[in-house]
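Here is what Swiss-Prot records for this protein:
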TRANSMEM  4-24  transmembrane segment
TRANSMEM  38-58  transmembrane segment
TRANSMEM  68-88  transmembrane segment
TRANSMEM  101-121  transmembrane segment
TRANSMEM  137-157  transmembrane segment
TRANSMEM  175-195  transmembrane segment
TRANSMEM  214-234  transmembrane segment
TRANSMEM  259-279  transmembrane segment
TRANSMEM  290-310  transmembrane segment
TRANSMEM  321-341  transmembrane segment
Amino acid sequence: MSNAITMGIFWHLIGAASAACFYAPFKQVKQWSWETMWSVGGIVSWLILPWAISALLLPDFWAYYGQFNLSTLLPVFLFGAMWGIGNINYGLTMRYLGMSMGIGIAIGITLIVGTLMTPIINGNFDVLIHTEGGRMTLLGVFVALIGVGIVTRAGQLKERKMGIKAEEFNLKKGLLLAVMCGIFSAGMSFAMNAAKPMHEAAAALGVDPLYVALPSYVVIMGGGALVNLGFCFIRLAKVQNLSIKADFSLSRPLIISNILLSALGGLMWYLQFFFYAWGHARIPAQYDYMSWMLHMSFYVLCGGLVGLVLKEWKNAGRRPVAVLSLGCVVIIIAANIVGLGMTS
């Protein structure tokens, strides 16, 4: 496996680790509605950071974006909005199916859709079937799915042992939302594919290859922000027991603490895609769609490991932990299969 591909896989692992940890600061926020907390974190992650980093990277911020016509920017924005819808459905999926089943189905679907639809859209699916490297990366995708399934099973065993149930279990509604979540969440993969002209333009301006994808986040995450913030603001305006005014009527130290914690969560959320861009830059162009598979499978891997570190599995017993460990090993094997396939 080449050093470039090894580093690409490593950066995807770092990004996924940040994704697995980003909600920890949000859990420390006190006496705020979820909508206010999510909005503050989202403003940091979807608006402030993409704009600020792009302004630092680009020699002429407005000239860069002004060179693209609507036919280039609109698909990138709409795929970002599609991914934003997936974000909202993710929370509802957990509500009706529980964490383990919800994550397993949603992540499994988005892993397949986001990874395999991109070469189909680009007319390159034959690379997966008719080349040795393509067949090997395809094998890696299916091994990763097995790993996700094993980790999901471990989570179910843990929930059963600890008596954890879905907030409002509804299999029919939960499965529908999980499928929608999986499909719509793949919008980020499609957006990155649609943003290739933006990446090429950034490279032409002398932006380091590791950073060329970051300016496109202004548009991609702008679409996601529109959906997520719109959802939160509508709820804050219409739901009777929710109020921004009440959330900001707390003591000043608590407000400052909540803002800082939400901002930290937003920063960690953004870092997942900051390092995703680094990993994406190291993946061979003909296999760039594999970035999504690596990110999502590593997200499940890191989520399990973070849970162990935070002692969330302490009272689950040996069997769930053993099954979790097996699933993590399978995901690591899948990443290595994909890496070897990309060097073939």
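Easy rule for this one: first residue shown is 1, then count along the chain.
From the backbone N, Cα and C atoms, a Cβ is placed for every residue, glycine too.
From a predicted model like this one, the values you see are computed outputs, not experimental measurements.
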Quiz prompt | Stretch-level contact, the transmembrane segment (137-157) and the transmembrane segment (321-341), CB cutoff 8 A, at least 3 pairs | solution = yes
Self-check item: Contact set, same chain, for the transmembrane segment (68-88): CB under 8 Å, 6 or more residues outside the stretch
Solution: 110, 180-188, 190-191, 194-195, 197-198, 201, 216, 219-228, 231
Exercise. Run the contact check on the transmembrane segment (175-195) against the transmembrane segment (38-58): 3 or more C-beta pairs under 8 Å, excluding pairs closer than 6 in sequence.
Key: no
Practice problem: State the residues, same chain only, that lie 6 or more residues beyond the ends of the transmembrane segment (290-310) and have a CB under 8 A from a CB inside it; answer 'none' if no residue qualifies. | Solution: 8-9, 12-13, 15-17, 19-21, 24, 103, 107, 110-111, 114-115, 118, 137, 140-141, 144, 147-148, 151, 154, 186, 188-189, 192, 272, 276, 279-280, 283, 321, 324, 327-328, 331-332, 334-335, 338, 342
Exercise. With Cβ distances under 8 Å as the criterion, find the stretch in 4-24, 38-58, 101-121, 214-234, 259-279 that has the most pairs with the transmembrane segment (321-341).
Key: 4-24
Quiz prompt | Top Cβ-contact partner of the transmembrane segment (259-279) among 38-58, 101-121, 214-234 (pairs under 8 Å) | solution = 38-58
